[in-house]
Amino acid sequence: MQPVSLTRFLLEEQRAKGLINADLRLLIEVVSRACKSISIAIGKGSLGGALGSAGSENVQGEVQKKLDVLSNEILLEANEWGGHLAALASEEMDDPHPIPHRYPKGEYLLVFDPLDGSSNIDVNISVGTIFSVLRCPDGVSEPDAQAFLQPGAKQVAAGYAVYGPNTLLVLTLGDGVHVFTLDREMGSFILSQQNLRIPEETSEFAINMSNQRHWEAPVQRYIGELVAGTTGPRARDFNMRWVASMVADVHRVLTRGGIFLYPRDTRDSSKPGKLRLLYEANPMSFIVEQAGGAASTGHQRILDVQPAALHERIAVILGSKNEVERVSEYHKTV
Ligand code: AHM
Ligand code: MG
C-alpha cells in the first residue's frame with residue numbers, strides 16, 4: 001500500500017467524514033510543519049547552539065531554556081499569517097498572542113506547550129510539543145484569555161509531537177487517535193498507526209515517586225497497593241517508568257497501556273497539581289479518551305473542568321480505563 005501522508009489523511013478526513021474544514025486542515029498542517037522545524041533544532045543539539053538556559057523566566061517562574069523560547073517562536077511565526085486563527089496562547093507567554101492586524105483572522109484558537117519536558121533537553125531525553133484547538137467564541141473579535149477558558153470537551157482537535165528516537169505526531173480530530181512518523185529524508189509525516197487503542201490490561205504505572213510523602217490518601221493507597229506486588233491486594237507485580245516528559249510518558253501509556261499520575265500536592269494548596277489544564281491536561285485527556293482510556297482529576301473527568309485561568313494547574317490521572325476508575329473510586333472512599 002502507498003504510504004499515506006498527513007496531508008492526504010487530512011484531506012480524506014475532510015472529504016469523507018466532513019470532520020474538518022479547510023481552515024482546520026491548514027491549521028494542523030502548519031502545526032505539523034512547525035513541529036518538523038522544532039525536531040530539526042532539537043536534533044542538532046549542541047551543534048545548533050540552542051542548548052542551555054535562555055536567561056529568562058516564564059509566567060510560572062520557570063527558567064526558560066533556549067529551545068523553549070525557540071520552539072515558541074517557531075509555532076508563533078508559523079501560525080500567525082495563515083488566516084486560520086483568531087489568537088494563540090502558550091505556556092511560555094503570560095497572555096494570549098493576538099493575530100497581527102496585517103493578517104486575516106480565522107475561527108480557531110490554538111493553545112500549546114511548545115516544548116514539554118524541557119528539563120530533559122540538555123540530557124538528550126525525549127521531549128515534545130502539545131497542542132489543543134478550540135473554537136473562538138461567537139462574536140469575539142479580539143480574543144483575550146477569557147476566550148480560551150473553555151472545558152476540554154469543547155476541543156475540536158488535539159495532538160502532540162514526541163521528539164524521541166523517531167519524531168511522531170499523534171493526533172485526534174475527535175474520531176480516534178492516529179499516529180504519524182516523520183520521514184526525515186522526505187520531510188513529511190506518514191501515517192503509521194490508525195485508530196490507536198490503549199490496552200485495557202496493564203501492569204505499569206508512571207508517577208514521580210520522590211513526591212510520595214506529599215500525596216493525598218487515595219493516591220497513597222493506590223500506589224501502595226501496586227508496589228505491594230504479589231503479596232498485596234492486586235496480587236501481581238507492577239513496574240514503574242518515569243521519563244519526566246509528559247509526552248513520552250503518555251505516549252508509552254497509549255502504546256502499551258498503563259496509568260500516568262501527576263496528583264495534587266499537599267505542599268501548596270494554591271497549586272492543585274503541577275501540570276497545566278489548557279495545554280497539557282486537556283489535549284492529553286482528549287487523546288487518551290479517544291483511544292479508549294480515561295482521564296480524571298481523581299474527583300472529576302478532566303474534560304469537564306471549567307478553566308478559571310489560562311495557566312491553571314490541575315491533578316492528572318490518565319491511561320487505561322480500569323485503573324483510572326479505580327483511583328477515582330479511592331477518591332470517593334478514602
Ligand atoms: P514543563 O512543561 O515545564 O516541561 O513541565 C512539565 C513536565 C512534564 O512533561 C512532566 O510530566 C513533569 O513536568 C515532570 O515533573 P517532575 O520534574 O516532577 O518529574
Ligand atoms: Mg513545557
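The first residue you see is number 1, and the count goes up from there.
Positions of Cβ are set from backbone N, Cα and C atoms, glycine also.
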D113, D116 show up in TrEMBL as binding Mg(2+) 2; which entry in E12, E225, E280, E289 does that record put in the same site?
E280
Out of E91, E92, E107, which does TrEMBL tie to the same Mg(2+) 1 site as D113, L115?
E91
Given TrEMBL lists D116, G117, S118, S119, N208 for substrate, the same-site residue among K36, K44, K274:
K274
Specify the nearest of the binding-site residues G117, S118, N208, K274, E280 to E91 (Mg(2+) 1 binding site), where nearness means the distance between Cα atoms.
E280
For the recorded substrate site formed by D116, G117, S118, S119, N208, K274, which further same-chain residues have Cβ atoms within 8 Å of the site's Cβ center?
N120, A244, S245, M246
Summary of DSSP states over the domain 'Fructose-1-6-bisphosphatase class 1 C-terminal' (198-331), given as helix, strand and coil counts:
59 helix, 21 strand, 54 coil
Ligand 2 is in the model; which of the binding-site residues G117, S119, N208, K274 have a C-beta less than 6 angstroms from one of its atoms?
none
Nearest-integer angstrom distance between the alpha carbons (Cα) of N208 (substrate binding site) and L115 (Mg(2+) 1 binding site):
20
